[in-house]
Each structure stands twice: as structure tokens, then as C-alpha cells.
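These come from TrEMBL:
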| type | residues | note |
| --- | --- | --- |
| TRANSMEM | B:12-33 | transmembrane segment |
| TRANSMEM | B:70-91 | transmembrane segment |
| TRANSMEM | B:112-135 | transmembrane segment |
| TRANSMEM | B:155-178 | transmembrane segment |
| TRANSMEM | B:190-210 | transmembrane segment |
| TRANSMEM | B:296-315 | transmembrane segment |
Amino acid sequence: MKTGTSRPSTALETAGLGHRYRQTWALRDCALHIPAGRVAALVGPNGAGKSTLLHIVVGLLTPTTGNVDVLGEPVGQQAAALSRVAFMAQDKPLYEGFTVADILRFGRHLNPQWDNGLAENRLNALGIALKSKVGKLSGGQQAQVALTAAIAKRPHLIVLDEPLANLDPLARNEVMRSLMTEVAETEITVLLSSHVVSDLEDTCDWLILLNGGRVQLCGDIEELLSSHRMISGPVELADRLLEEVQVIDQSRTARQLTCVARIQTSEPVLHPDWSISAVNLEQLVLAYLRRPNVGVLPHPNLASA
Amino acid sequence: MLWVTWRQHRTPVLLTAGLLLVLGTILLVHGLLTADFIRDRASAGCPGTGPDCLAFEQEVRLRYQQIYQLIGWLPVAPALIGAFWGAPLLAKEFEHGTHKFAWTQSVPRRRWLTVKFGLLGLTTVLSGLALGGMTTAWLSTFRGTGLGDAFGDKGLFAVAGVVPGAWWLFSFALGVAAGATIRRTLPAMAVTLAVFAVSLFGVFAARPFYAAPQRAVQVSAEVSPLPADAILMKDVWLTTSGQEVSRATMVNAIADACRAVSASVKYYQCAFEEGYTQVVYFHPSTKFWQFQWTETGILVLISLVLGVLAFVSALRRRI
């Protein structure tokens, strides 16, 4: 995985990852990877196992089966492994009685690579006073403090569990923008979960679709979009269409068939009665979520198919 | 971790230190004034049989009672340590989700738990020992007055000597274990208080069994075989044939002979003359330190078990 002294090109890789709570498997046989420097979206319905997966990646949970590597090294409860990954949990928990300065001091005492200057500059730019009590800040400001603490840790991988939940649209935009600024300036890899796909379209370039505890899709968003089409046309021609493309999800009326399909070549040559259009991320995700048994592929390397 | 532990727990620690300081000051001032008072009267031959000694004894007793009212409550003080230091330690983190923040910094959870348990555990032990030292010093001013029996008095025993350190540690560990397993602050505090109360009475009841009691036989009707400040386990009566019988049996047996006697001293004399001698099983006050260390050992052992339970529970339980 490692080539010389340079960073491995894979930021996160899991193999055979599974987690069981008593009798039920929250995650099963998950194989996924994120290339270094990507902003990856972990998408799936509620209860798909997103938080479980993220908790395993950051070392809070020990998986029942399989393993997780961050930059080629296993994650877990060792100081070195913990220092490589930063985490912002759902609801952005922080000590409410602490001042913002206390939070920074907390981070400085517990992290060897802590960058206090970075943290202070960020908060300064955001207009958050160091002496304010965390509990008195707005939801958006608390999210910014939590994000600052995660970034100032100087991790290779930053993991955010539903970072935009419970934030108003303005705060969502600001949190996302400040995260993207940070990503642009460093080589940091981001993994963030959300069940609102529209929040991710502009910011993420890698998609992991988790459904019922299994990885349904894992790949570059542009590649995924370019290899799928929205196709609609007369329902009588449906049989012939099915021979030519892999239909992921379809809906039929008496006369019309509309489907999201995976295509083999750059532009399929179909009967002229079919109208073909591009899919957006939301349509793609919905199509797969409706068909949980389709596309459970570890690496859908579509270009080579 | 040192600063982190201090920052997160400074409020209860400072509050406890403040209360101990206030208590210590009260005991010190009171002890010094009482010592002066006793020294002043020593020239008049008190305590003793001198003419003014009755008033002296009353005054000393009054002074003792003033503080005893306060100290009498201190055996339950560790319950507050369990509820306010111990129970929130993990429960508050779980309740607010902040454990996800704390345990994803670069300090492994094992180390985080070890440092917090260790530092706060040590602080509770030192606070408990400080309390024990203060109480013991204050009690020593009443030496020779027949007051301040830290061996026979169940409550005083728990706040004198080294045992308070163990009691404070035990309560802290109990609170931490309750918080780690229940994961909610208020229920954990309630369970801590309830279990502590049961434990306190349990240990009070178990204390006489720390050692085999000594046996003493009455030699004359006027002198009780029980030494001062001893813990009485049971008293029985010895017949002339050397058989131990209960008080009820003895009362029945001499019912006819001693019927006319009403005053208790004379009644015992009558019993003695009838051939019954009193036998007592007891712990002499010289066993004070043996009992202190036994109780300390038991409580420290339970504390360690609770600590391991909390540790394992915090490591294993789902996030």
C-alpha cells in the first residue's frame, strides 16, 4: 500500500467489516475505500449503519469482524492511530460548561499535533470569542467550534457524523464552506454522513451508499453519474431496453416506462423513441436505495467494464 | 490529562476542599479552646473526685456534644462523594455524548480512564484521611474524660483513624461503577446513595465479627467484667457447674431467692451470691487499630472490584 515515504493513495480502506449488536448485524461484510484527498459522502437511510461504520472508523467501536486501515495503518485505541483521525459526532457534543478557550486547551493537552494557531485564527475569522461559554453559543457556532477542534488536531482523515443536521440553512452553508476551505488548503480526506443528499452534491466527490448494513455503491461521483442515465419511453419497448442496459430502478405507467439505468458505453445507442437524460446525485441515490439488492459491489469500476 | 481532569472536576473538588477546610477550622478552634479549658482545671484536680469536678464534667460534656452533633453526621458524608464525584464521572459524559468527543482525541480510552480514576480516587482517599486526622486530633483533646470513644461508637469509628479514607474511596468507586453501568447521572446518583446506605449499615453490623471476641468472667458482684470503651458482643451467666446460661434462664432460676431485691446493684449481688457469675464476650478498645485496618482492607478491596467493573464496562459497552 505504501510507496516509499509518500502517503498511501488510499485514505481509508475496510475489508469484511461487520458489527453485531447482540443478535442483529448493524453492518455486514463492508468493503469500501476512499482515495486520499477526497471528500466522501456516506449516504443511506436512517438505520443503515452509518453511525456504526463511522464509530468503527474513528476507533470508538471495535468491529465484530474485519478491519479498517487509515492510510495503510489499522485504526484502534492507540495514541498514534487516534491522532490520525478526527471525529465530529452527531449533535456535535462539547463540554457546555467550558469556554471556547477551554475547548482549545483540552485539544492541546490531548493531541500531540494540535495546531493552536490554526484554531485561534479560524475562530477569530468566524467571530467566535475565546472567552464565550460553549453552552451559550448558537448551534451553528457550536458546530464551528467542534469542527475547529477536529481540524486543529491535524488529522489525515476527518470524519463528520451528520454535520449539517440541526443547523439552519445559513449555518449549513457556512459550516460546509469553512470545511471546504480547509480541505482545499490541506491534503485532508473527509468522510461525512448525511441522509439529505442535496446537501452533498456541490461538495463531495466520492460516494458511499450504505443500505441495510451493506455497501451498495462506492466510487467517484462523477464516474457514477456519467455511467448512469435516466431513460424514459414507451412501455412496449421495455423488453428490448432491458437487454441493452442494466436497469437499476424503474417505474411504469400504462404507457410510459421511466428508469435509472447503468450504461456500458459513453452514450448508448437505443431506439429513437427512448429519451435519455443525465441523472443527478439524488436520483441516482434514490434509485439504488429502492433496490437494496442491486449493485452490492465493492468497487464498481465501471470504466473498465 | 492532568489539566483535563482538573478542569472537568474542579467544582466538586474545590467544594469538598472548602467544606473540609471549614470543618477543620471549627475542630481546630474548638479543640484548642477545650484543651485550654481542661488544662486550666487540671490544677483543681479535675477530672477526678474534687469538689468542682461535677460542674467541670458537665461543661466538658456540653462542649463535646456541640461538635458531636456535627461529627455524628459525617459517616454519611462519603455518600455525597459517590453521588457528586463518582456517579457523574462517566454518566455525564454518556448522557451528553461528550465521551465521543473525549475519546476521539489522541489519548486512548484506557489511559483516559486510568488517569481519571487514579487522580480522583487518590484525591478522595486523601480527603478522607484528612477528615480522619482532623477528627482523631479533636477527639484526643477529650482523652481521659471518658468521652470520645471512637471504638465503641459506630459512627465515630467511621470518621476517625484511617477508615474514612477507605470509606470515601469506596463511595467514589461505587458512584463511578453505577455511572458506568447505568449511564445516566440522576439514576446513578440515586443508586449510589441507596447502595451506600445499605453498605454503611451492613458494615456496622459486620464490624463486631472482624476478630474473635475476648471472654471475661465477673470476679466480684460490684465490678462489671466489661472494660471501658469495649464493644460488648454478648453477655451470659455461668452457673456453679460451669455451664453458660442465658440471662432469662438465670432470672428464672433465682426468681425465688432474689424476689425481694429491687435495686439492680443488689440484684446482681443476689445473683452472685446464688452462684451465678456474669460472663461477657467483647472486643477491648486496644483492638481499635486492628479493626481500623480490617475495615480499610475490606473497603479498599471492594473499591478495587468496583473500579475494575467500571473500567471494563466503560471499555466494552456500546457507544
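Any Cβ shown, glycine's included, is placed from N, Cα and C.
Within its own chain, the transmembrane segment (B:155-178) is flanked in space by residues 71-72, 74-75, 77-79, 81-91, 117, 120-121, 124-129, 131-132, 135-136, 139, 148-149, 188-189, 191-192, 195-196, 199-200, 207, 288-289, 291-293, 295-296, 299-300, 302-304, 306-307, 309-310, 313, which lie at least six positions past its ends and keep a Cβ under 8 Å from the stretch. Beyond the transmembrane segment (B:70-91), the same-chain residues lying 6 or more positions past its ends with a Cβ under 8 Å from any Cβ of the stretch are 9, 12-13, 16, 23, 26, 99, 116, 120, 124, 127-128, 131, 135, 138, 154-156, 158-159, 164, 167-168, 170-180, 182-185, 188-189, 191-193, 196-197, 200, 310, 314. Beyond the transmembrane segment (B:190-210), the same-chain residues lying 6 or more positions past its ends with a Cβ under 8 Å from any Cβ of the stretch are 75-76, 78-79, 82-83, 86-87, 154, 157-158, 170-171, 174-175, 178, 182, 231, 233, 283, 290-291, 294-295, 298-299.
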